[in-house]
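Noted in Swiss-Prot for the protein shown:
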- GLY12, ALA13, ALA14, GLY15, GLN16, ILE17, ALA18, ASN106, GLN113, VAL130, GLY131, ASN132: NAD(+) binding site (BINDING)
- ARG93, ARG99, ASN132, ARG163: substrate binding site (BINDING)
- HIS188: active site, proton acceptor (ACT_SITE)
Amino acid sequence: MAKPAKRVAVTGAAGQIAYSLLFRIANGDLLGKDQPVILQLLDLPQAQGAVKGVVMELDDCAFPLLSGVVITDDPEVAFKDADVALLVGARPRSKGMERKDLLSANAEIFTVQGKALNKVASRDVKVLVVGNPANTNAYIAMKSAPDLPKKNFTAMLRLDHNRALSQLAAKSGKPVASIEKLAVWGNHSPTMYPDFRFATAEGQDLTKLINDDEWNRNTFIPTVGKRGAAIIEARGLSSAASAANAAIDHVRDWVLGTNGKWVTMGIPSDGSYGIPEDIIYGVPVTCENGEYKRVEGLEIDAFSREKMDGTLNELLEEREGVQHLLG
């Protein structure tokens, strides 16, 4: 017997990331090949025509798992009974815009969306914030939804995680799928810290295989941190397909489990690893039965502490910049 359809809300539905994301969700890549979905698409009033065009294309794919589509500019319609909410839409930084202005503009969007989720979404809704600054936007949404469990709110660090995996595979000559126990700590920004001190490839210790501290500090970490900028430089557009792919990975693993493998998610801190409570911070997790669990008890050396504190300080500054908007 067919499963009842799950409702997946996607914001910024007319945008580039959503265009790479929606067809994969409708194809079963997000929640499984036996799980029907209803897409609930949110975008601004002026983008409704473009969303309709995307929905025409979705119709033309005749996806067996796509049970229905809702198009709206009202967050309360988009998030009604949502099982998963992918918050992709955010205010991009325009020329001459200060970072604090960007934070304020996004605080407004994510306060409204957090309140709407609080009011109408499923109490078990899994929220992934993709729109930047993702960690702080997730924090704002979480703080605006006091009736939902904090653990329901996450930010996307999976793109950084996947970027790091690919660099490590290239450097070590090992298949990307063989690399395990990679962690990415902190903010989804150039300050985040990809950490392969615990990683293995085909069961071998990756730090011994690579054995190049200079490469780690001066090539690997900056390459992962600045990859988004490098793609804009090369392509003239920001990374959309790889971001959509990371969003699929993040939610699929959260829902269907990681079989004991580590992945990175931005989650509300419980105070461990010296990260103040409630800060949305990238940490290694495993997922099972629809829940994530942080990997506990990892040793933090002096270099790692410095890196982890650097990215934390950026998050604390961002939080400071939006605190007055949260009431």
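Each Cβ is built from the backbone N, Cα and C atoms, and glycine gets one as well.
Feature annotations (Swiss-Prot) mapped to structure.
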residue : record                       : DSSP class
GLY12   : NAD(+) binding site          : coil
ALA18   : NAD(+) binding site          : helix
ARG93   : substrate binding site       : coil
ARG99   : substrate binding site       : helix
GLN113  : NAD(+) binding site          : helix
GLY131  : NAD(+) binding site          : coil
ARG163  : substrate binding site       : helix
HIS188  : active site, proton acceptor : coil
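The maximal spread of the NAD(+) binding site, taken as the longest Cα to Cα distance among GLY12, ALA13, ALA14, GLY15, GLN16, ILE17, ALA18, ASN106, GLN113, VAL130, GLY131, ASN132, is 20 Å. Under 8 Å, Cβ to Cβ, and six or more positions away along its own chain, ARG163 (substrate binding site) finds PRO194, VAL224, ARG227, SER242.
The Cβ neighbour count for ALA14 (NAD(+) binding site), using a 10 Å radius and every protein chain shown, is 21.
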